[in-house]
Amino acid sequence: MAETFLFTSESVNEGHPDKLCDQISDAVLDACLAQDPDSKVACETCTKTNMVMVFGEITTKADVDYEKIVRDTCRNIGFTSADVGLDADNCKVLVNIEQQSPDIAQGVHGHFSKRPEEIGAGDQGHMFGYATDETPELMPLSHVLATKLGARLTEVRKNGTCAWLRPDGKTQVTVEYYNENGAMVPVRVHTVLISTQHDETVTNDEIAADLKEHVIKPVIPEKYLDEKTIFHLNPSGRFVIGGPHGESGLTGRKIIIDTYGGWGAHGGGAFSGKDPTKVDRSGAYIVRQAAKSIVASGLARRCIVQVSYAIGVPEPLSVFVDTYGTGKIPDKEILQIVKERFDFRPGMISINLDLKRGGNSRFLKTAAYGHFGRDDPDFTWEVVKPLKWDNKVQA
């Protein structure tokens, strides 16, 4: 077999303080868009012991009860007492929300006067989309497994299977791969790491046994596990204090977990709490759809797409495609197909991906367990656009 290498991805579950903040920011966005689809939202959240603060710039016609959103989100995650890290009903909630800067408003949407195709990017920046044929989701296996372990931790906590679990937790998976002419082929899972918050009553042996039986076994396919797989299960020995009591949280600090687990590339912009004029979010969504469509259409086995913007300018400054040598046709021809089939103007992304639609916890759902590779009709950017290319090859 070809020479192998190890690659690691991590995840955190919904009770991690940073992820709590992402979810509150996106719950605010959902509430604004549900009443006013043209809401302009840049909502940040921070938290520490017994306190949550929501702050930022929001221009909306919606009537939003920010404090209620904070408390409901914390409660739904499981932060219902100081013992578990935060008491949703009794913590201090601070709100400092102002209107969007009029300078930004005139440059981006002309104070709501511009047509969709004229709407400029809400800021400069560059975003990346990635796809790989190593999983059905067309996502990296290391990232998929780490993310699913985190989601499973929450599931067995909430359904009572592992009643000793508390909301906070982190996961990490190391996969052994080999490189098949640019495509990534998983061989086995090398290491599984889980650190989960727990109550005082459970022993470390019970934690390890339950995690193997109820979390790891249902998530990681047997074919990837062998007698050499290493398990680190709560390696610190104690994780009773967690959530915002254990450490502070802030929106936008888990951007690799939100995307591709360290694969591909990242332009640095976070997603949560941002309406679709913010290309950090909408730009990243459209390039994921482009990359996924390239792989799903058989144009390449693995692919990255970059787009970049200037504030106030609708058209992207650049679009880039790299198939890591796995393309069936030259990358420049794939780039041409992408430019013909995808509209990268922010106003048109909003329409084509229906990003102004709030409600149904639409963006809240994205804020835990990843924005990509999810099988949910609200994740419109995961819909594959068929890309026709046979004719071009023959030509």
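Here the Cβ of each residue, glycine as well, is placed from N, Cα and C on the backbone.
Record features (Swiss-Prot):
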type	residues	note
BINDING	E10	Mg(2+) binding site
BINDING	H16, D168, G169, K170, S236, G237, R238, F239, R253, K254, A270, K274, K278	ATP binding site
BINDING	E44	K(+) binding site
BINDING	E57, Q100, K278	L-methionine binding site
Between the binding-site residues E10, E44, E57, Q100, which lies closest to R238 (ATP binding site), Cα to Cα?
E10
Look up A270 (ATP binding site) in the DSSP assignment and reduce it to helix, strand or coil.
coil
Using the recorded L-methionine site (E57, Q100, K278) as reference, state which further residues of the same chain have their Cβ within 8 Å of the centre of those residues' Cβ atoms, listed in sequence order.
K40, V41, A42, G56, I58, T59, S101, I104, G122, K274, D275, T277
So if I measure Cβ to Cβ from R253 (ATP binding site) and keep only same-chain residues at least 6 apart in sequence, which ones fall under 8 Å?
D18, C21, A270
Cβ neighbours within the same chain of E44 (K(+) binding site) - under 8 Å, at least six residues apart:
C21, S25, V54, F55, G56, L250, T251, G252, G273
So which one is it: of the binding-site residues E10, E57, which has the fewest other Cβ atoms within 10 Å?
E57
Same-chain residues six or more away whose CB lies under 8 A from the CB of K278 (ATP binding site)?
A42, G122, D123, G269
Where does K278 (ATP binding site) sit by DSSP, helix, strand or coil?
coil
